[in-house]
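Feature list (source: Swiss-Prot):
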- K198: active site, schiff-base intermediate with substrate (ACT_SITE)
- K251: active site, schiff-base intermediate with substrate (ACT_SITE)
- C119, C121, C129: Zn(2+) binding site (BINDING)
- R208, R220: 5-aminolevulinate 1 binding site (BINDING)
- E236: Mg(2+) binding site (BINDING)
- S277, Y316: 5-aminolevulinate 2 binding site (BINDING)
Amino acid sequence: MFPTHRPRRLRSSETLRRMVRETTLTSADFIYPLFAVPGEGVAKEVTSMPGVYQLSIDKIVEEAKEVYDLGIPSIILFGIPTDKDNDATGAWHDCGIVQKAATAVKEAVPELIVAADTCLCEYTPHGHCGYLEVGDLSGRVLNDPTLELLRKTAVSQAKAGADIIAPSGMMDGFVATIRDALDEAGFSDTPIMAYSAKYASAYYGPFRDAAESTPQFGDRRTYQMDPGNSREALKEVELDVAEGADIVMVKPALSYMDIICRIKETTDLPVAAYNVSGEYSMVKAAALNGWIDEERVVLETLTSFKRAGADLILTYHAKDAARWLA
């Protein structure tokens, strides 16, 4: 005797499948990362990230207009300065590359939400996310002195027009410090999207080519999270929420969907997932070799992040995905 319930009944046509679909992906879910460099007319493709470019500010503005026209509501800016120093001056100077890019984008596309990555690794000669002890080659960042740099960076970015401040350095207390600095400077309405559960991942390799931020010695395991930990992620989120975060993030996304799911179950705040460079480049490499259907794999992957609980997805696939979803 056949069963009374036949799940295939609701899979019999595309229209019916769409009607009962539990998770729907849209271009409004995306935040598109952009890499700003000095100069004019610069569009230099990142070798390890096909289709991703380092862009001068005039080209950033062109991209921003295209992104907005595709229905993508937000970008996040990363900067590659001309000069680097131990005080990460390029991160917090009012004439820094991210500050200039944020101002230019907001003037050209005021409706587009501009997030600013608030970190220091692109701006230091050693590639670590803050101050180091003199002579220390382990990469152990001095936490509290670094917080002062993050305060200045966040305020400078907000003054330049950034709509969202996104601290990514995984310093203890960085959300509270930045919240206090923003409030003190008159930016109490500027939200913080905290990289709350940022793992010390091997998936970041291509990004470090794009941002020119590879550590020159040591690694980042003394401040980014151990990939084997999940309870620690919940603690990090709990701390960031208590300190005033408005959005919490999991990075990377693909290997950490269990973390996205657990965090979504513990907080009412929006949860962002960062579909990182290594995840992107693996898909691009396989697609360029004809091994996979790029469109289907990308949309399936992004849908899975949302199904796991992500409200927002930072992804280099954003423009392509928006076109495919249109």
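Along the chain as shown, residues are numbered 1 onward.
Placed from the backbone N, Cα and C atoms, the Cβ positions cover glycine too.
Same-chain residues at least 6 positions away in sequence with a Cβ under 8 Å from that of C129 (Zn(2+) binding site) are, in sequence order, C119, L120, C121, V141, T146, S168, G169, M170, M171, R220, Y223.
Each residue contributes its Cα atom, and for Y316 (5-aminolevulinate 2 binding site) and the residue listed as 'Mg(2+) binding site' those atoms are 26 Å apart. Neighbour density at the Cβ, taken as the number of other Cβ atoms within 10 Å, is lowest among the recorded positions K198, R220 for R220. All protein chains considered, the CB of C121 (Zn(2+) binding site) has 25 other CB atoms within 10 Å. In three-state terms derived from DSSP, K251 (active site, schiff-base intermediate with substrate) belongs to an extended strand segment. Ranked by Cα separation from K198 (active site, schiff-base intermediate with substrate), the recorded positions E236, K251, S277 are led by K251. The two recorded residues S277 (5-aminolevulinate 2 binding site) and K251 (active site, schiff-base intermediate with substrate) have their Cα atoms spaced 11 Å from each other.
E236 (Mg(2+) binding site) sits 13 Å from K251 (active site, schiff-base intermediate with substrate), counting Cα to Cα. Its Cβ taken as reference, C119 (Zn(2+) binding site) is surrounded by 27 other Cβ atoms within 10 Å in the chains shown.
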